[in-house]
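Record features, source TrEMBL:
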type    : residues                         : note
BINDING : 12, 13, 14, 15, 16, 17, 117, 152 : ATP binding site
BINDING : 16                               : Mg(2+) binding site
BINDING : 34, 58, 79, 135                  : substrate binding site
């Protein structure tokens, strides 16, 4: 039986939903790093970006990843966690890390109208793609396993991860 999983992937890949389902199936706690940060800071990710900037958010994210890396739980990370080389090193030393791979068209449809994600607010599809594409290699390099989420519902993705790790 698994005792820890870290989920990585671009925003809209399904980390939060799949993470919750997987945690229930594996009888593990669920931790969303963004939710922990927003709870501790008393403001949303968008508000942290607006008030303190992306650099400060990434610093908070790194500290939280280091703190939680070996916690027995299903842990969902923010989509930008792989931007920091130190985070990639933490992920490399943690097992298993699952990359929820999602086609850009799929996550762009999921993100339409989402006002909670500061990096995609008021962005065109081309601008979102420009944010995503440089991250692909980092997601792949940081992952122990890659699970494609296209044409699968979140329950199927969670069950596939559980079967793969069991």
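Glycine residues also receive a Cβ, built from the backbone N, Cα and C atoms like all the rest.
A TrEMBL annotation is a machine prediction, not a hand-curated record.
When Cα-Cα distances from residue 12 (ATP binding site) are compared across the binding-site residues 34, 58, 79, 135, the shortest belongs to 79. Rounded to the nearest whole angstrom, the C-alpha distance between residue 152 (ATP binding site) and residue 34 (substrate binding site) is 24.
Here the CA atom of residue 34 (substrate binding site) lies 14 Å from the CA atom of residue 17 (ATP binding site). Reduced to three states, the DSSP call for residue 152 (ATP binding site) is coil.
Cβ contacts within 10 Å of residue 13 (ATP binding site), excluding its own Cβ and spanning all protein chains shown: 25. Here the candidates are the binding-site residues 13, 14, 15, 16. The one whose C-alpha lies nearest to that of residue 135 (substrate binding site) is 13. The closest partner of residue 34 (substrate binding site) among the binding-site residues, by CA position, is 15; the full candidate set was 13, 14, 15.
In this structure, the binding-site residues 15, 152 were compared by how many other Cβ atoms lie within 10 Å of their Cβ, and the smallest count belongs to 152. With respect to their backbone Cα atoms, residue 79 (substrate binding site) and residue 15 (ATP binding site) stand 9 Å from each other.
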